[in-house]
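See structure below.
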Amino acid sequence: MKLITAVVKPHRLDEIKEALQTFGVQGLTVTEASGYGRQRGHTEVYRGAEYTVDLVPKIRIEVLVEDDDAEQLIDVVVKAARTGKIGDGKVWSVPVETAVRVRTGERGPDAL
Amino acid sequence: MNGADTAFVLISAALVMLMTPGLAFFYGGMVRVKSALNMLMMSLISLAIVSVVWVLYGYSLTFGDDIGGGLLGNLDHIGFKGIGVDTLTGGTEGIPVFAFALFQMMFAILTPALMSGALADRVKFSAWALFITLWVSVVYFPVAHWVWSSDGWLHSLGVIDFAGGTAVHINAGVGALAAVLVVGKRIGFKKDPMRPHSLPLVVLGMALLWFGWFGFNAGSELAADGTAALMAFNTQIATAAAMVGWLAYERIRHGAFTTLGAASGAVAGLVAITPSGANVSPFGAILIGVVAGAVCSWAVSLKYKLGYDDSLDVVGVHLVGGVIGTLLVGLLATDGLGGLEQFGKQAVGAVSVMAYSFVVSWILAKIVDATIGFRASEDDETSGVDMAYHAESAYDYSAVGGSPAGRSSVAAPTETLATATNKKVDA
């Protein structure tokens, strides 16, 4: 199994959710997050005093998938999240040892 | 007694009262979350303390018969001695002294509250309460006497200050500067971002100020007449023009029309038209407004260059705006008043109030600092003066469990509730 994590712009959430549903993903976890990449946030002006806001709002989407689906799913997420502008985010995957469905105790791929 | 004038002044007094809580929101939105309540309380305590002090001796020191030289009123009216419901100002066609004194009381309340913005986030609440008690007594009452009492020396000199450019705004701006120099900078000044926590609150406060300011300015005529109408009209015009001026400066200088700029510009215009509005044409009011908006917008950046931490720009808005209005009316006054001679008189008024207020405010701040200590401890300032002095927090953002303070006991509220219930049953 793989854990796909995407840290992306908040307003892309709906597109990504739809793309994942179309792909057949059953569930996902969304967390509000903040951070910055190479663009280093944005500047705000208050009575002429300029503040660089490093940490900009992001969302973090996590999906557990079977190994075979991982590469294709990454592509789906990237496509849905992309605006082409700076700050679009990152997607990565890591191996997962096991997963358990809390309600039934099912393990591994059955728990997905 | 003139009933129409009396009604007008009573309503104006109520309008001016609203300015102090309005100011509280204006300032309250500009500070960080951790000191939002303290900012509101610094204004509210002025409503409480100054109202009482005004009755005890404030009115008498300000409007009592002069003790000599036009410097201060006497103590004949301590506790409103000798004043009854039938006591009128200025002969049988005047208004009740109680109406006039109520109106003037609101000015005495607002002026020290104006200074609080400069000291945001970092002073002990008890020290602030003591400071404004001393300050109204030793700075505001005398200066208001100079300007508004018929035997005050600036009044006799012919200085135009219709509704308080010198007595209120220059006075508060300079007092704030002196206090800031004694108290020192906020921890992290020029280093940490200190963004306003709620610009909508700032706009709400500005709106209340603008609304109340009609009473502040027009009410100062003390009569429901044409001058009051012109003053109200010019109040609107100058405020609008100043908002335009501030935003234009900001767009050119910083590339954006900011909400804080719009609210600040409006207040700068209100300040600048205060001394001058009854003596200029509506066109003059536009001029005063635009100049005040643009210059104050520039002036608020001075604190970074000169290194004094006037947190919410009391100096940049009230002192600079007050000086602009006080001086420009010398040049722009209608009815043959305007000219270099009047300009000179206005300068004397502005400079004398600045000199007196700065020196005495500085001494008072030093006294407070040397006795009970003016400044909050480093811990209290860092974690927020709301918790330190008010045992409250403005907002509860915690999604999990209790509150930021980790309150876990409900013993006290339960007890209170039980007592209340019992009382109800007994009754």
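Here the Cβ of each residue, glycine as well, is placed from N, Cα and C on the backbone.
The following features are taken from TrEMBL:
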TRANSMEM  B:6-27  transmembrane segment
DOMAIN    B:7-395  domain 'Ammonium transporter AmtB-like'
TRANSMEM  B:39-57  transmembrane segment
TRANSMEM  B:95-115  transmembrane segment
TRANSMEM  B:127-148  transmembrane segment
TRANSMEM  B:168-187  transmembrane segment
TRANSMEM  B:199-216  transmembrane segment
TRANSMEM  B:228-249  transmembrane segment
TRANSMEM  B:256-274  transmembrane segment
TRANSMEM  B:280-300  transmembrane segment
TRANSMEM  B:312-334  transmembrane segment
TRANSMEM  B:346-365  transmembrane segment
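When Cβ-Cβ distances below 8 Å are used as the criterion, the transmembrane segment (B:6-27) is approached by residues 39-40, 42-44, 46-47, 95-96, 99-100, 102-103, 105-107, 109-110, 113-114, 116-117, 120, 201-202, 204-209, 211-216, 218-219, 222-224, 228, 263, 267, 312 of the same chain, each at least six residues removed from its ends. The stretch with the most CB contacts under 8 Å to the transmembrane segment (B:312-334), chosen from B:95-115, B:280-300, B:346-365, is B:280-300. Counting only same-chain residues 6+ beyond the ends of the transmembrane segment (B:280-300), those with a CB under 8 A from a CB of the stretch are 233-234, 237-250, 253, 261, 264-265, 268-269, 271-273, 313, 315-317, 320-321, 324-325, 328-329, 332-334. Counting same-chain residues at least six beyond the ends of the transmembrane segment (B:346-365), those with a Cβ under 8 angstroms from any Cβ of the stretch are 131, 134-135, 138-139, 142-143, 146-147, 154, 157, 159-161, 166-167, 170-171, 174-175, 177-179, 181-183, 322-323, 326-327, 329-330, 374.
Counting same-chain residues at least six beyond the ends of the transmembrane segment (B:168-187), those with a Cβ under 8 angstroms from any Cβ of the stretch are 107, 110-112, 114-115, 117-123, 131, 135, 139-140, 143, 194, 271, 274-275, 307-311, 314-315, 317-323, 325-326, 350, 353-354, 357-359, 361-362, 365-366, 369, 374-375, 378, 381-382. Contact count against the transmembrane segment (B:256-274) (Cβ pairs under 8 Å) is highest for B:199-216, out of B:39-57, B:95-115, B:127-148, B:199-216. Proximity of distant same-chain residues to the transmembrane segment (B:199-216), defined by a Cβ-Cβ separation under 8 Å and at least 6 residues beyond the stretch ends, is recorded for 11-19, 21-30, 106-107, 110, 163-164, 232, 235-236, 239, 259-260, 262-263, 266-267, 270, 274. Remote same-chain partners of the transmembrane segment (B:127-148), defined as residues 6 or more beyond its termini with a Cβ less than 8 Å from a stretch Cβ, comprise 42, 45-46, 49-50, 53, 57-58, 61-63, 66, 70-73, 104, 107-108, 111-113, 115-116, 119, 154-155, 159, 161, 164, 166-167, 171, 175, 179, 349, 352-353, 356-357, 360-361, 364-365, 367-369, 372-375.
Confidence across the domain 'Ammonium transporter AmtB-like' (B:7-395), taken as the mean pLDDT and rounded to a whole number, stands at 96.
Cβ atoms under 8 Å from those of the transmembrane segment (B:95-115) belong to residues 1-2, 5-6, 9-10, 12-13, 16-17, 19-20, 23-24, 42-43, 46-47, 50-51, 54, 58-59, 62-63, 80, 83, 85-89, 132, 135-136, 140-141, 144, 148, 164, 167-169, 171-173, 175-176, 179, 216, 219, 222, 314, 318 of the same chain, restricted to positions at least 6 beyond its ends.
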